[in-house]
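Colleague: One structure follows; several queries about it will come next.
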Amino acid sequence: MAEKRNIFLVGPMGAGKSTIGRQLAQQLNMEFFDSDQEIERRTGADVGWVFDVEGEEGFRDREEKIINELTEKQGIVLATGGGSVKSRETRNRLSARGVVVYLETTIEKQLARTQRDKKRPLLQVESPPREVLEALADERNPLYDEIADVTIRTDDQSAKVVANQIINMLEKS
């Protein structure tokens with residue numbers, strides 16, 4: 001990879017976007033950003049609070065602006081929020097400004113990885129988490145597929161192994 005292309009990680013919550021993104025950025029000596037963490041840094045509040053106060057629409061507006069700004073940078077790895085792909089503008093920007101890697105995982109792995117995480121506003125509802133994750137997958141998986149340049153299944157692999165797979169795929173392209 002002679003020139004450093006932006007790498008944008010998309011996929012459902014619990015797929016490993018943040019963990020794998022940090023590993024990937026470290027291995028490639030690139031700057032890492034996480035859109036949810038960037039929202040928290042700028043608002044001084046956690047994502048759950050932003051959701052509670054501004055609703056999902058307010059949160060998505062913030063997310064779209066931050067992703068637009070971050071994708072204008074060069075040589076970054078960006079872990080996006082699972083729902084960021086709901087915005088056509090965001091999908092277009094991700095596709096146009098870098099390589100989009102879809103980190104795919106099963107509902108079972110998502111449940112295992114998110115069960116104790118209270119920072120997931122869409123899971124802090126009365127519906128059973130499995131039903132919520134299945135509904136989100138039905139809505140979002142086609143959008144991830146639509147913009148993915150590369151798709152990698154993360155189920156039983158370490159962040160380092162997945163990062164190496166991404167690097168190998170990028171070197172071939």
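Our numbering is plain: 1 for the first residue shown, then up by one each step along the chain.
Using N, Cα and C of the backbone, Cβ positions are placed for all residues, glycine too.
These numbers come from a predicted model, not from an experiment.
According to Swiss-Prot:
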type: BINDING; residues: Gly14, Ala15, Gly16, Lys17, Ser18, Thr19, Arg120, Gln157; note: ATP binding site
type: BINDING; residues: Ser18; note: Mg(2+) binding site
type: BINDING; residues: Asp36, Arg60, Gly82, Arg140; note: substrate binding site
Colleague: Using the centroid of the Cβ atoms of Asp36, Arg60, Gly82, Arg140 as reference, list every other same-chain residue with Cβ within 8 Å of it (recorded substrate site), in sequence order.
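Modeller: For the substrate site, the extra neighbours are Met13, Glu63, Thr80, Gly81, Gly83, Ser84, Val85, Lys86.
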Colleague: What whole-number value in Å do you get for the largest C-alpha pair distance within Asp36, Arg60, Gly82, Arg140, the residues recorded as binding substrate?
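Modeller: Among the residues the record ties to substrate, max Cα distance equals 17 Å.
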Colleague: Find the shortest Cα-Cα separation between Ala15 (ATP binding site) and the binding-site residues Arg60, Gly82, Arg140, and name the residue that gives it.
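Modeller: Spatially nearest to Ala15 (ATP binding site) by Cα position is Gly82.
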Colleague: Compute the C-alpha separation of Gln157 (ATP binding site) from Arg60 (substrate binding site), stating it in Å without decimals.
Modeller: 30
Colleague: Rounded to the nearest Å, what's the C-alpha distance separating Ser18 (ATP binding site) and Asp36 (substrate binding site)? Just drop the number here, would you?
Modeller: 10
Colleague: Nearest to Thr19 (ATP binding site) in three-dimensional space, by Cα, is which of the binding-site residues Arg60, Gly82, Arg140?
Modeller: Gly82
